Each structure stands twice: as structure tokens, then as C-alpha cells.
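Visitor: Dropping a structure here in C-alpha cells format, bear with me for questions.
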Protein chains: 2
Amino acid sequence: MPPEITINGDRLWESLMAMAEIGATAKGGVCRLAASEADKAGRELFIKWCVDAGCEIVADEIGNLFAKRAGEDTDALPVVMGSHLDSQPTGGKFDGVYGVLAGLEVIRSLNDAKLSTRAPVEVAVWMNEEGARFSPAMLGSGVFAGAFSLDYGLGRTDKDGVALKAALVQHELAGIAPVGRKLGAHFEAHIEQGPILEAEKKTIGVVTGVQGIVWFDVVIAGSECHAGPTPMEMRIDPVQKAASLLTQFFTLAREYAPHARVTVGEIHSHPSSRNTVPGKVQFSLDLRHPEPAILQTMHRKADAIVKKENLCGAPVSLEEIWHSPPVAFDENCITAVSNAAAKTGYPFKEMVSGAGHDSVYISRVAPTAMIFVPCKGGISHNEAESAEPHDLAAGCNVLLHAVLEYAGLCEI
Amino acid sequence: MPPEITINGDRLWESLMAMAEIGATAKGGVCRLAASEADKAGRELFIKWCVDAGCEIVADEIGNLFAKRAGEDTDALPVVMGSHLDSQPTGGKFDGVYGVLAGLEVIRSLNDAKLSTRAPVEVAVWMNEEGARFSPAMLGSGVFAGAFSLDYGLGRTDKDGVALKAALVQHELAGIAPVGRKLGAHFEAHIEQGPILEAEKKTIGVVTGVQGIVWFDVVIAGSECHAGPTPMEMRIDPVQKAASLLTQFFTLAREYAPHARVTVGEIHSHPSSRNTVPGKVQFSLDLRHPEPAILQTMHRKADAIVKKENLCGAPVSLEEIWHSPPVAFDENCITAVSNAAAKTGYPFKEMVSGAGHDSVYISRVAPTAMIFVPCKGGISHNEAESAEPHDLAAGCNVLLHAVLEYAGLCEI
């Protein structure tokens, strides 16, 4: 491979900024909900660019979109660069879009350099990654990977009761290609959505997997009584119990540092009156760890904490409401990304994704890895989401070289 | 005084049960928030009963309501039996209502016995005692006693931003009488809302004073971030800080046991999303002690805890929003209650109230004392609140005799 091959960072940036005008919000963000008018417009712009770059366009029945650049070997499985074009209602310019347009930029750069590859190279736009319009998230990639049936996916409805199927028909977003097929590899470039790369002054995150997540609802039943006359020792106080539980749950994060995450996003007392000991305190508990065994241990310890607290005072229940097992990406794909980062000379580090991505499902059916680039302050799912052009270009260069390692380069 | 004069316990009980139907909850309690539709309905029923009993009805500008039974001496200051009709959101059938309807029963019994008094006898319904809808508590009696200005009282808003003034206008609850005037004495009968009388098998609590109370708002400012990608050590997590603060605040109760009380009735996170570290946690803090010096020390220690916690992590503010110093009731009124209890032959004990009551403020402008009766398990501010008809009748008889000692009896 000629060492000088590199992507065009300015063109990538211009494409990102042009795409950000579609569904642009007043605060500088983007609202491009899945299978909406704006999503349709974004996909049309993307298709135009891909056709100009000589790609063949294919959509499948759930609305996943593929732009294919043919390879020399017609039997070779395609190397896919995928992410999503849909956004949160008050999303940013980079989440998802970056992985798609970085893929396009790789194809454009191969064209510029007049290089062909042994295996075909594709860009994938997965449908409804955010889950903001249709729940669950990562729906298009989930159906592609067989995690959900096609009927289940098409039947998901938004808050107005519109089914994904109807929205796809309305905007002519679905194709006739069956959902799911063999891929040679799947690479996803994405902003980190966390603060680690920025804090450690690394340009590239070589993503080795995705944290496992368990969600719980914690309910502590107290006995309502008056704040004044009731002696402390006669109270069944769910707030005192909550303080003890929270302290112990957060201790799990320290015990399994640095990768464990413990988050309580919601906590509420009922009835909410300042001179009444509450009859109930509820809180959410979100436990994460990249190692299945450790996540399981954290889960077991949370159970044990609750069991012990149930021996006296206000009774507690811990209910698991969702579980997403940890994902380990493909060793060879991870190595391809590491090699690409080393070759291009950017400072990089291996890391685990804390958030879910299309690659979580695609990794079940294809060798997969991800490439992270820094975003400002780690802020994402926010109109203030921001990333530096030189970091985005760096990630795209790493994507190019990782893809070429799999697709194999031939001069035209 | 004819020794046979006594109140009608059955009629008192029937009135309590009829009033409990207004705002009745499925779990057998009452929701009659101050200046609400239900409060209006409760007051209308009370007014009907008082008019039937020959009383004159007067409302003042803050919505305090007075039912007046004339005395022989038109210059004599009235002897008032006051409490409240508003309830907690999930309150019981007796808190407040008992003192009002016991007052009505005293008037009905005087009518039955065809007895007149030298001084007028009144029943007072103080506005917004609970503080559950409009903070602070004991607002109507507080304005009456000059603890708050009328403008301050009318300007208090509920959590939907509705001012008390607007709620009073909506339900036609305010009158034109100016707030505040001279009273001869104020007696308040109330369920204990604590477990002491029951535990010691006493029927009557002769209340000599009230614990001091300090109310605080605690606000912990965090920084919103994604529950997955953000390492624990980079978080500014207000829930972790809340756990530490709560643990330390509850320690104050043990340090100043057995009389200290520490209650957190409200705790809430914002925004409430299970996979986002909250940007803010707020909670209420209620500290109580009967000794002014110890309450002051508890306050100082709470300040010190917050000061220390502010040295690192999420910043905390502790704002004192209300302070009710310990109260000592009038010696002569206390003696009148003791005498009445002795005369009627019920087992009684002197005690300090753990809860605030309208008598706290009224005691600033009129000789005041209170009469407690047992409630089941000491449970109050709870739909399960319960009291025995014979105990309620006993307290009402004591109220009658204490009032007659002040109002002076004349046969009609």
C-alpha cells in the first residue's frame, strides 16, 4: 500500500456540515428522527453523494441502506463501514453521522487514489439506532443480526402510534432486499460520547467491546409517620435505608474500578412532604462492566446487599428490568484498528464503549470493531455535541487503513 | 357547674366520620389539601353544622374561619378552640379535624345543656396548617399571630405556581375580616401523632410546649453525563454526595437521642433519566429538639457537614427556609387543662409536642395550651391514622372543662 494514501479531512468536514443542515436546530444541533421527513432528506443527500462516487445503492426491508463499491473478487464478502443517520430529538452533528460519512470519505479517497480492493467495500446506514422515535434502540442492526424478527421491527410504533412499517412506506425508505446476509467485517467509527480520550490526550480509541448493562428498579417500603412526634427508633424510614443502600451500591464501583459503572439516575420519595417520613423511596440502579463474570458478581453483590438490608428496618425490593450482556469485539478486527492507528501515527488507546452502538448487534454475525474519536467534554445526546475536524479526519484515516487490511488493496 | 355536663362522644365520632368522607382516599385516609376543592367542601360542611348550632361565621383575609357562640359579656375576649381542616396528601381522619370538631362538639353540648358562658366561645379553623400545599406550615395562624405578613402569606405558591391568594379567590375562602385580634385564650385538642400516650396507657396529654423545628432545603449540583462512557472518578454525581450527606445528617439524631428528630421527607433527582447522572438532587431536611441550645448545636453541625462536603465533589447548598423555636405554653392554660383532666378523671401526663401546631403561633398572642389524645401506634400523616372514640370523647370533655374555666359558665 502506498504510504501516502490518506483521506481528505476538509471534504469529510464539509460533508458533515452539509448533512447537519438537514434537521438543523436553533441551538446548533440536529433533529433527524428515524424514518422521518428529515431522515429521508438526509438519506437522499447521502445517496446522491454515493452515486456520484460510483456506488450501487441497496435498501433492505427494514430500511437499512447500503452503498456498495465493487471489489475485484466478486465472491469476496464485503467489508462494511456502518453507523446511522438518525439522531436524538435534540441531538448533535456527529453521533452516528460521523461513522457513515467517514465510510463515504474512505470510498471517495479510494476513488481519488484510483485504488481498487479485492473485497467489495460498503457503507451501511442502519435504521433507527437511537431508539428515540421507535423503541428499542439499534433496531435496524438488531433485525439484520437476528436479535429481533423483521415483523417485530416493522411493528414498533412511535408515540403517535405510527408503526415503523408505515413510516418506511410513507417516505419510500424500505427496499426489497431481504434483511441479513454475510459480511466480511464491520467497522464503525464513532465519537466517544465520553471524556476519556480528551482527558488522556489520545486521538484514537481502539474499541475492544461494549460494557454489559443491568438495569434495576429499587423500591424501599417505609411507614409514613409524622416527622416530629415519632421517636427515631420507632420509625420505618425508607430514606435512612436508601442512604445505606446507595452507599453500598456505589462501593461496588470502587470495588471493581476502573471499569465498573454505578449510576442512580432517578430517585424519588412518596408522598413528598417535608414533615412526613416517606412511605416509599424508589430509585433506578444501572450497573455496567465489560467483563461478563464481573458484571455477574456485581449483580450478585447487589442482591446480597438488598438481602442483608432486608433483615431489619424498611423492606427493600430489587427488580431487574433489562439486561444487555457485555460484547467482546473480534480480535482480528481490533488488531486491524490498532495496526491502522500505529501506522498512521495517532496516539491511541484500547478502550471499552460505555454506550450501545449498531456494532453490538452486528458483532453477533460479522467480525466487528469500532474506532472512537474524542468529542468535546465527552458531551453527546446534546445539541452542544462537538468534535474537532483533525480528530474526525484521524479516525477516518484509521478506518481507511483498517478496512484496507481486510479488503486488500489492488492498484487499478 | 353541674357535674353531669359532658360532651356527646357518639355525635363527635359521627361528625368526624362524615367529615372524613370529604377528600376520602381509597386506603381509608383523607386528601384535603389547603384551599383546594376538597378543603372548600369540608369547610362548607363545617359552616353548615355551626350555623345549625347557632354560630356566627366569620372568615378573615387569609382564610382563617371562625364560628362564634356569643357570651353574656359582650366586652369579654373570646375563648377559642382552634385547629385545622386541611390534611397531608395521604393524611388521616383525625389530624387537625379532631380539634375543630371537638370545638364544635363543645358548642353543641353547651347548647344541649342550655348553658351560656360569660365570654364568647369560638371554634377556629386555621388556614394551611399542614404546609403540604403551601410552605411554610401553620400559615394562617402564623399570619394571625404576626409571625408572617399578610402579603407574604397570600403570596405563597404551590408546586404548580398557584398562589394561596388565587386559590382563596377561586374557592371563595377568604373573608373581609382583618387578620389578627385579641383572644382570651386558645385551646387546641389534637391526636398525639406519636406513640407515647399509647405506650404509657394515658388518655390525656397535657401539652406544656412544642419542640423547636428548623427546615432546610438541600440542593446538590451535579453535572449531567452518560451513565456508560463516563468513568466514576470524572463524574460530578449529586446522588453519591446525597448518600454521604444523608448518612451524616441521620447521625445527628443518634448523637442527640432520645429527643432529637431528623427527617428527610422529600428527595428528588433532575432530570430523571436512568442512564444519565443527574444534574441536581434536592432534598428537604427537618431537624427538631425541645431544647433551644441543642437544636442550635444540631443546626451548627448540619452547617459543618455541608461545609466539609463542599471541599470536593458536587457542590451543596443548605438553605434554612423556616425556623420555629421551641415553645413553652401559658402556665394558667396548662393548669386549666390539668384541672380539667383531673376533674373528669382520665389518666393524664404532661408532655412536649414533637409536631408543630397552630398553637405554636397563637401562643405568641394569646394564652394557649393543648390537649393530646392517643392515636393508634402513634401513626399520623398516614392514611392508616386511627384513634379510639372513647379517647376522642375524653379529650373533648377535657377541652370543654378547660374552656369553661376560662369562659365562665352562666345558666340560660
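From the backbone N, Cα and C atoms, a Cβ is placed for every residue, glycine too.
Heads up, TrEMBL stuff is auto-annotated, nobody curated it.
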Visitor: Taking TrEMBL at its word that B:H84, B:D95 bind Zn(2+) 1, choose the one of B:H186, B:H190, B:H226 listed for that site.
Guide: B:H190
Visitor: B:H381, B:H390, B:H401: which one does TrEMBL list with B:D95, B:E130 for the Zn(2+) 2 site?
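Guide: Looking through B:H381, B:H390, B:H401, the residue TrEMBL assigns to the Zn(2+) 2 site is B:H381.
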Visitor: In the three-state scheme derived from DSSP, which category covers B:H381 (Zn(2+) 2 binding site)?
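Guide: Once the DSSP labels are grouped into three classes, B:H381 (Zn(2+) 2 binding site) ends up as coil.
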Visitor: Looking at the binding-site residues listed here (B:H84, B:D95, B:H190), whose Cα lies nearest to that of B:H381 (Zn(2+) 2 binding site)?
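Guide: For B:H381 (Zn(2+) 2 binding site), the closest Cα among B:H84, B:D95, B:H190 is found at B:D95.
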Visitor: Quick check for the class: what is the C-alpha distance, in angstrom and rounded, between B:D95 (Zn(2+) 1 binding site) and B:E130 (Zn(2+) 2 binding site)?
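Guide: Roughly 9 Å, rounded to the nearest whole number.
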Visitor: Restricting to the domain 'Peptidase M20 dimerisation' (B:209-309), report the mean pLDDT as a whole number.
Guide: 95
Visitor: Please report how many Å separate the Cα atom of B:E130 (Zn(2+) 2 binding site) from that of B:H84 (Zn(2+) 1 binding site), as a whole number.
Guide: 8
Visitor: Have a look around B:D95 (Zn(2+) 1 binding site) and count the other CB atoms within 10 A of its CB, chains all included.
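Guide: Around B:D95 (Zn(2+) 1 binding site), other Cβ atoms within 10 Å: 29.
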Visitor: Residues other than B:H84, B:D95, B:H190 within 8 Å, Cβ to Cβ centroid, of the Zn(2+) 1 site?
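Guide: Counting only non-site residues, the set is B:S83, B:F94, B:G96, B:V97, B:Y98, B:G99, B:E129, B:E188, B:I191, B:H357.
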Visitor: Within the domain 'Peptidase M20 dimerisation' (B:209-309), how many residues are helix, strand or coil going by DSSP?
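Guide: The composition, in the requested order, is 39 helix, 33 strand, 29 coil.
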